[in-house]
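As given in Swiss-Prot:
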type     : residues      : note
TOPO_DOM : 1-28          : topological domain 'Extracellular'
CARBOHYD : Asn8          : N-linked glycosylation site
TRANSMEM : 29-52         : transmembrane segment
TOPO_DOM : 53-60         : topological domain 'Cytoplasmic'
TRANSMEM : 61-82         : transmembrane segment
TOPO_DOM : 83-103        : topological domain 'Extracellular'
DISULFID : Cys100-Cys192 : disulfide bond
TRANSMEM : 104-123       : transmembrane segment
TOPO_DOM : 124-143       : topological domain 'Cytoplasmic'
TRANSMEM : 144-161       : transmembrane segment
TOPO_DOM : 162-199       : topological domain 'Extracellular'
TRANSMEM : 200-223       : transmembrane segment
TOPO_DOM : 224-240       : topological domain 'Cytoplasmic'
TRANSMEM : 241-264       : transmembrane segment
TOPO_DOM : 265-275       : topological domain 'Extracellular'
TRANSMEM : 276-295       : transmembrane segment
TOPO_DOM : 296-315       : topological domain 'Cytoplasmic'
Amino acid sequence: MQPESGANGTVIAEFILLGLLEAPGLQPVVFVLFLFAYLVTVGGNLSILAAVLVEPELHTPMYFFLGNLSVLDVGCISVTVPSMLSRLLSRKRAVPCGACLTQLFFFHLFVGVDCFLLIAMAYDRFLAICRPLTYSTRMSQTVQRMLVAASWACAFTNALTHTVAMSTLNFCGPNVINHFYCDLPQLCQLSCSSTQLSELLLFAVGFIMAGTSMALIVISYIHVAAAVLRIRSVEGRKKAFSTCGSHLTVVAIFYGSGIFNYMRLGSTKLSDKDKAVGIFNTVINPMLNPIIYSFRNPDVQSAIWRMLTGRRSLA
């Protein structure tokens, strides 16, 4: 690493990412596992996206949001895993500060859109189950696009706030990050300037973002649960609970790992637990989402099968 001179002393030009494991003998195993996870995640999500685009019977609001979620999952894992695999191959751990902040921005952009999209999906289920007579008008294509556009706009603002807050900090050594990608807790820990204001800002933004999202999702599903319990058909009740259960599972995993990550802001000592949470955020979540949401869904399964075999739906 070549430090460069700044107005406030020596300012580091790059960070050293230690990765998941420091044992050289285990690096090939890590490479194969993460390459496999990456290919499975990208392949699964792109298959769902293609099915949603091609199959007429999947041209509904629920699958429109699932298609967008698939794009986000591919983006989220592509921000972190390919660069980690590249470092494993080249055995170079140095990452320029600019590249680190860029990774931070895009990671929080995709995760932020995911967060807001989960609200839209909960709202969609609320309308479909609790307001079925007005569902088609309240969840029109225009409304769907507006919800997705609003999700991107809010997430962009959130990611930009995080990135600007980190860019104002001074990093003058040490520059070793015990992680496999750049994220907030690790950068805050390495800063040689006061991080109190930045941490308060990030806590406030994170609390508003996560708190509002969770409150809206919980309120939606309280109404959904009450409506489902009033359904007389056992089959209809089972189908509704299956769809909502998949969404709630993803919500629990997503917010659970995200809240833990934010709670690590201000921590003076970061451990391997943070790497485990990082794996959940960047690899496990994007890989599980297609399985939880769609591969359990017979409509999606049959749509993907028809697409792979060259048969088209007549719907």
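Cβ coordinates come from backbone N, Cα and C, glycine included.
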### Maximum Cβ pairs under 8 Å to the transmembrane segment (241-264) - stretch from the list 29-52, 61-82, 104-123, 144-161
104-123
## Note on the structure
Counting other C-beta atoms within 10 angstroms, the emptiest spot among the disulfide-bonded residues Cys100, Cys192 is Cys192
### Query
Does the transmembrane segment (29-52) make contact with the transmembrane segment (200-223) through 3 or more Cβ pairs under 8 Å, each pair 6 or more apart in sequence?
no
### Message
Checking distant contacts: for the topological domain 'Cytoplasmic' (124-143), what same-chain residues at least six beyond its ends satisfy Cβ-Cβ under 8 A?
### Response
61-62, 65, 220-221, 223-224, 227-228, 240, 243-244, 247
